[in-house]
Structures are given as C-alpha cells and as structure tokens.
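Engineer: I have a structure I would like to understand better, so I am pasting it below and will then ask my questions one at a time.
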Amino acid sequence: MRLLLVWVQQLMKQVWRTTLSVASTVVGFLCFALSSSFKDLFGEWNSPKIVVYTVVGLTVLLFVLYAKELHLIIIRKKFMAVRAHVGFLVFASTTVYSFFFDKATKGKPDAYSLVSYVAFATMSFTSGFIEFLYFFAAILISQLMKINVLLGLVGLGFSYVLIIVADYTIVKPEDHHITKPIKYFFVIQPTKIEVWRLIGLVSSVVGLLCYALGSTSKYLFQEWNSFKIIIYTLFSLMIFLLAFLAKGGSFLRILRLGANMATFLVLALILPGVYSFFDSDAKVRMRSNAYDIISCGAFHVMSLSFSRQIPCSIFGTIIVYFFAGALIIELMEIKLFLGIVGISFCYLLWVLGTFMDKLPEYIEKEVSPVVNIEIASRHHSNELPEATMVEECLESNAADDEHSDHSDHIVQPSLQAGETSVTVGVEEAFSKIQDLL
C-alpha cells in the first residue's frame, strides 16, 4: 500500500495532473450548466448569466492551471495565516451555498448533476484545494443517498480514495523546511494541549447534555427510557474519555493497536453523512430549539479541540467543518441574519486556533505570569541536584528584533555555570517539586 502511494505521489507530479485538472474543470462546468441543479438555483439561462458563468469558469480554470505555483508561494512566503483565513472564507461560502441548494433543489438529482459533482471533486483533488474536496464529496454523497441509501456507499468509497491520496500529495510546509525550532524552558504553566483538553472536556459535556434535550434527539429516539438512557450514557462516557485521553500515551497506543488513519477517515466520512441524512429528515417535521443550537456549537468547539490534539489532521478537519456547517445552517433555518452570527462565531474560533498554533508549546510570559523553577546541578560531584532558585517572573518580554532569526524566546534570569533550564507542564512540574522535597 505504501509503495502504491509513493508511486501515485510521483505520478501526480507529471503532466497528466494538469491535464486531468483542466478536463475535470471543463466537464464539471459544462455538466453543471446543463443540470437540473443549476435550473433550480438560478432559473433559465439568459445573456447576463452566460457572461457571469463564463467569467467564473475561466477564473477557476486559471486557478487550476497555476494551483501548484499558488501553493508554493503561500508556503515559501509564509502566508499560512492568510491561507487559514481564505480557507474559512471558502468554507463559509460553500456552507451558505449548500443551504440555498437544499432549499432550491427538488426531487432526485439528474445524471448531469452527479457527473458535475464528481468532476468538481476530482478538480479539487488534483489542484490541492482540500476544502473544496470536502464540500463536493459531501454533496455527492448526499445526492446519491437521495436516489438510494446504498448508493451513498459508492460516494463514500470514491471520497475515501480521493482524501486518502490527497493526504499524501498535498503540499505541506514541512516539505520545504519552513518549520522553525521552538525553545522550551522550565515553566509551570498549562500547555496548549492541556488548554485544548480542558476546552474539549467542557464542550463535550455541554454538547451531549443539550443534544439529549434537543428536538432532534426526540425525533430520532422518541421518548427516553431506561435502556436508551444507559446506551446514551455509555456513548457519552466514550466521548468524554476521548476528550480526556486525547494526546495521551495510553490513548495513542490503543489507536495504534485498534485503528489507523484510514479507519479514522472512514468514520469521519460515514458519521457526518449518516447524521446529516437523518437530521435533515428530522428538521422537516420538527423545528430546532435552543438546545439544538447550543449542542451544535458545543460539538464544533469539541471537534476543534480534538483536531488540535489527535495527530490526524484530515479526520479533525472534516469533523470541524461538519459541525461548523451544521451550526450555521441551524441558525439560517431560524433566520437568515442569524447565519452571519454563526459564521462570525466559527471565524473567531478559527482565528483562535490559528493564533494558538503559532504560540510555543508553553505560553510566553507576556501572555500571563509564570513561575520559573531552575535546577542547578554540580559537576564533578556525587551530590544530588538541589533546588537553587524559585523566582516569579512578572516583567514583560523585550520587543523581538524584526530581523531576528528566532522570534519565539523568553527573557529569563542568567544561569550560573553548571545550571540547566528545562520546561515541563503542570503535572510534571509538581511531580518534580515533590521529588525534590
């Protein structure tokens, strides 16, 4: 399997990748123009629509032709933060489009619609636009399930292959040695992982409780009884343990024994598809209430926490996109203006996650006061190391030089000869202090 993926990665660099991208783009736009989906969304063709559609098609074709150059410019010029904002803009626009698409489309899709979705998904895959790949894959699966639920398996298999291969062929910063080393010091302070873990715990509890009280769960599971309560409680405990043990050593060992990245991708594709299929049916008969809105928001925060802890970016990204889209659509079902509130909320979380990714593993002193504990060791001596200094650092860091090679550093007291400075989290720090005492 690995040799096959390496072969695919080498083959994707050849001329056929550009040819396939251009061909899928042309086929996608032609088939979508002839499909019933376009007619339901925009009505009959006229001169202004033809002009606008042609301009949009040519613009997308140019992006596809120069997709590789765009990815390299973003990475080499260190525009990763800009890419995150553009990625969210793509996600928000596709979510709003899917809302109006579900409102406008009636009945089963025709062959032109299905071919256009397959072509657009292939175009996104070959061009490296992974956000669009998620979107078109989700639409393809939902449209196939409208024809026959079993056909959804075909869409799942097609999407699975594209996403698996895309994870090995996408241009990444580490492939061009853009990553920067981070200095660590002996600081008693919650790490980023510990902060995300706490956020995941709280949001999982809030989301599971509110979902149990919402209208969707009432429609899906009818009235609660002892058996349903026990099953839901066990499921909730599994989610809670996932939030608690994420990034832990024992949790990762279980993942290595029982699952791999492919299993995660399958679950990430199946669970959102099944949930949205039944959930959309429930919304026809039952209007969302406040509990449903809160549960969607909490699950979005929880999935964002998981994506920052579990070393499987594709899995985390799909789940984050799914719950963010569900929250925005839930709000737009109530009132279109509330969709702006949902987009703003998801955007703020998006920016927060990007900002925290830029921070070192241990938050710098300028963010909050920390306690530095430095352990001095005596060379050429058989004596055990002893605690020599415990100092509370409250002063702010000096401004970093704009042309400095290392922008992430902490001003700390000078160390004597033979002294070392290490960095640990809260739990490890207290264990070291206990050993010293």
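Using the three backbone atoms N, Cα and C, a Cβ is placed for every residue, glycine included.
Any TrEMBL annotation is an automated prediction that lacks curation.
OK, TrEMBL features for this one:
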type: TRANSMEM; residues: 20-38; note: transmembrane segment
type: TRANSMEM; residues: 50-67; note: transmembrane segment
type: TRANSMEM; residues: 79-100; note: transmembrane segment
type: TRANSMEM; residues: 112-137; note: transmembrane segment
type: TRANSMEM; residues: 149-171; note: transmembrane segment
type: TRANSMEM; residues: 195-214; note: transmembrane segment
type: TRANSMEM; residues: 226-245; note: transmembrane segment
type: TRANSMEM; residues: 257-278; note: transmembrane segment
type: TRANSMEM; residues: 310-329; note: transmembrane segment
type: TRANSMEM; residues: 335-355; note: transmembrane segment
Engineer: Quick one: find which recorded stretch in 20-38, 50-67, 195-214, 335-355 has the most Cβ pairs under 8 Å with the transmembrane segment (112-137).
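Structural biologist: Stretch with the highest Cβ contact count: 20-38.
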Engineer: Do any residues of this chain, six or more beyond the ends of the transmembrane segment (20-38), have a C-beta under 8 angstroms from a C-beta of it, and if so which?
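Structural biologist: Apart from its flanks, the transmembrane segment (20-38) reaches 45, 53, 57, 60-61, 64-65, 67, 101, 105, 109-110, 112-113, 115-116, 119-120, 122-123, 126-127.
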Engineer: If we skip the immediate neighbours and take only residues 6+ beyond the ends of the transmembrane segment (50-67), which ones have a Cβ under 8 Å from one of its Cβ atoms?
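Structural biologist: Hits for the transmembrane segment (50-67): 18, 21-22, 25-26, 29, 33, 123, 126-129.
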